[in-house]
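Contents: one structure, followed by commentary.
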Amino acid sequence: SASMVKKGSCSVCLASFYGIDSGVGCVQCACNQQGSIGQQCNETGQCPCKDSVTGPKCDVCKDSYFGLTSTGCSSCNCSLSGSTSLNCNQSSGSCSCKTNVQGDKCTDC
C-alpha cells in the first residue's frame, strides 16, 4: 500500500516490506522470527532463512530436520540402515522404521 512506501521516495518500500513493482504496492515480508535470520525479505518476498529452515517465510524445516525453534531446526538423525527415510515427523522427530526395526531413530532390532 502507499503508506508502506519510504517517505521521499516513491520507488522504495519501507524496511520489512517488498513488492514496489508488483502493481499493488508494498507488502509486508512477514518473515518467521524463529526461522529467519532477519525480517527483510528480497524483492520476491523470500526471507533469509537459517541453515536448517526453508520456505518463503522461513517457517518450514528442511528435509531431514524437525522442530523449528529460535535456533533453527534439529537434525532427524534417522538410522541409514534402519529407517525407510532420512525424514522424520516434523513435531516429534520420530523416524519411520523398516520392518522389524524400532526406536525413535530406528536403531533397535
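Positions of Cβ are set from backbone N, Cα and C atoms, glycine also.
Note that TrEMBL annotation is computational and uncurated.
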Mind checking which of CYS26, CYS41 has the disulfide with CYS29 in TrEMBL?
CYS41
If you check TrEMBL, which of CYS73, CYS76 bonds to CYS88 via a disulphide?
CYS76
Going by TrEMBL, which one of CYS49, CYS61 is joined to CYS58 by a disulfide bond?
CYS49
Where DSSP helix means H, G or I and strand means E or B, what are the helix, strand and coil counts for the domain 'Laminin EGF-like' (29-75)?
0 helix, 15 strand, 32 coil
Would you find the one among the disulfide-bonded residues CYS95, CYS106 whose Cβ has the most company, meaning other Cβ atoms within 10 Å?
CYS95
Listed disulfide-bonded residues CYS49, CYS88, CYS97, CYS106, filtered to Cα within 10 Å of CYS78 (disulfide bond):
CYS88, CYS97, CYS106
Within the chain of CYS97 (disulfide bond), which residues six or more apart in sequence place their C-beta under 8 angstroms from its C-beta?
GLY82, SER83, THR84, GLY103, CYS106
Rounded distance in angstrom between the Cα atoms of CYS88 (disulfide bond) and CYS95 (disulfide bond):
5
